[in-house]
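The annotation active site, nucleophile is assigned in Swiss-Prot to Cys307 on the grounds of sequence analysis. Under the heading NAD(+) binding site, Swiss-Prot lists Phe175, Lys199, Glu202, Arg203, Glu408. Annotation source Swiss-Prot lists transit peptide at 1-26.
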Amino acid sequence: MLSFKFAKSASKVIGNRNFHSSSASLANTTKLFINGKFVESKTKEWLEVRNPATQELVTKVPVSTKEEMEAAVKAASDAFPAWRDTSVSNRSRIISNYKNLINKNMDKIAAIITEEQGKTLPDAKGDVFRGLEVVEHSVNVASLMMGETVENVSKNVDIYSYVQPLGVCAGITPFNFPAMIPLWMFPLAIACGNTFVLKPSERVPSASMFLVQLAQEAGVPDGVVNVIHGGKEAVNFICDAPEVRAISFVGADQAGRHIHARGTANGKRVQSNMAAKNHATIVPDAHKERTLDALTGAAFGASGQRCMALSAAVFVGESKNWIPELAERAKKLKVAGGAAPGADLGPVISAASKQRIHELIQSGIDEGAKCILDGRNVVVDPEFSKGNFVGPTILTDVKPHMRCYKEEIFGPVLVCLNVDTVDQAIQLINANPYGNGTAVFTSSGAVARKYQREIDVGQVGINLPIPVPLPFFSFTGSRGSFVGAGHFYGKTGVQFFTQIKTITSNWRDDDISHGVSSSMNMPILGKN
């Protein structure tokens, strides 16, 4: 049952949630998903999930016991041989069924996201849709799992390769995209023939639970996808479990580097997408209205809690004169609960996050920046008076040494820097340690081409503020924003979840009717 008052209509849409307990003693708690069953945890430690717009309790998440985590990994390990041997065509049909169920239930998933994460309903639907795109691409995974063949490398000798699944894989997901990031991970992994253990963010568990419920309805066999809950203990268990072959992670810097170090030390593949400081470069010849609209949406949408949010704007030359108009646009944005009519920004995830954002805003002011739009005391409707709200905030005259520039704020705060030339903008951005995304706004093809060639950032938008690639490409954040063995989804995503087996085959013509003699010499292929 949905707990927040302003979305009572959404509770009628969602209906029964198998993943929430109906037991009187475990009322309002979230289950585990192990070997095809939603299981009540035997833990004595629970974490509260509260609606960030109202502070009302939504559910309690178990800190999975060691025995429960071991059971999840065992279920995945036991299910792997049969799932690996399921034909790629049948796996694709199941993923296609899953795609259809996600599409059918998009409104329900979005309502769950808004309740637990806080983002507006339209933004929550976008969260689901961007994940759905990866599921759609996973349906056609067979075309990316084709091996290679060279015939007759030597007389009667052929070499060919197979692309095969790894085994048990795991995913650790963040709070900011409760549907999209899990859907980046386990659908592609299982489409490739792997089995999976998912640990969703303990702050937003229910979207992941509903997604695995739909996967079961789509025909995913028992044990192929499993869900555990918890914090650091669950993360370390995944990093250490010998059965787990690969780990996908999206989240904060410290956690990402810990998972990469611990996982790789245990012989696992790890892909770790971490923090960002995404810059927009505004050239004076850009289309002014479109640029300001793009900056407003990309800086303040989702309350700045996107790993690809534009959190820094670099104004070249006279384009700095556009900043007052940008502030006027930001002032008009409505801050409210995510399901409230007309809401543009919802709350940030927690009171601690709100406090940190406030501190970073103040640090900028203390270090000499000007706060031309201050969202720290934003006024919201009385029903949201307890929520974690921060309004759009703009700091100008920011310098690279300031804390508000150096750190990822992860809130609706845009820091503005001024430079004289595009070259200076490129130098400034390349000096920043992060490399997730950037955008340039210009009407000059020459400037755009120079920017895309010289900028040391993994994803570049040209007159497009949030350049997240569609899934037939890959999400290619770089430098301080990524460590690991391969990027998410696309070709590199398939490569991450698979391994290559190469076969050298020797079927000699004379073996048909004659005996075979032994040779003690080193075999040399290609000589004959």
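Note that Cβ sites are derived from N, Cα and C of the backbone, with glycine treated the same way.
Features as recorded by Swiss-Prot, highlighted on the structure.
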residue: Phe175; record: NAD(+) binding site; Cβ contacts under 8 Å, 6 or more apart: Gln117, Ser201, Arg203, Val204, Gln305, Ile349
residue: Lys199; record: NAD(+) binding site; Cβ contacts under 8 Å, 6 or more apart: Ala170, Gly171, Ile172, Thr173, Val227, Ile228, His229, Gly230, Ala234, Val235, Ile238
residue: Glu202; record: NAD(+) binding site; Cβ contacts under 8 Å, 6 or more apart: Leu47, Val49, Val61, His229, Gly230, Gly231
residue: Cys307; record: active site, nucleophile; Cβ contacts under 8 Å, 6 or more apart: Asn176, Val250, Asn273, Ala275, Ala276, Asn436, Gly477, Ser481
residue: Glu408; record: NAD(+) binding site; Cβ contacts under 8 Å, 6 or more apart: Asp253, Ala275, Ala276, Lys277, Ser311, Tyr434
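If you draw a 10 Å sphere around the CB of Arg203 (NAD(+) binding site), it holds 20 other CB atoms from the protein chains shown. Spread of the NAD(+) binding residues is 24 Å (greatest Cα-Cα distance among Phe175, Lys199, Glu202, Arg203, Glu408). Secondary structure from DSSP puts Glu202 (NAD(+) binding site) in coil.
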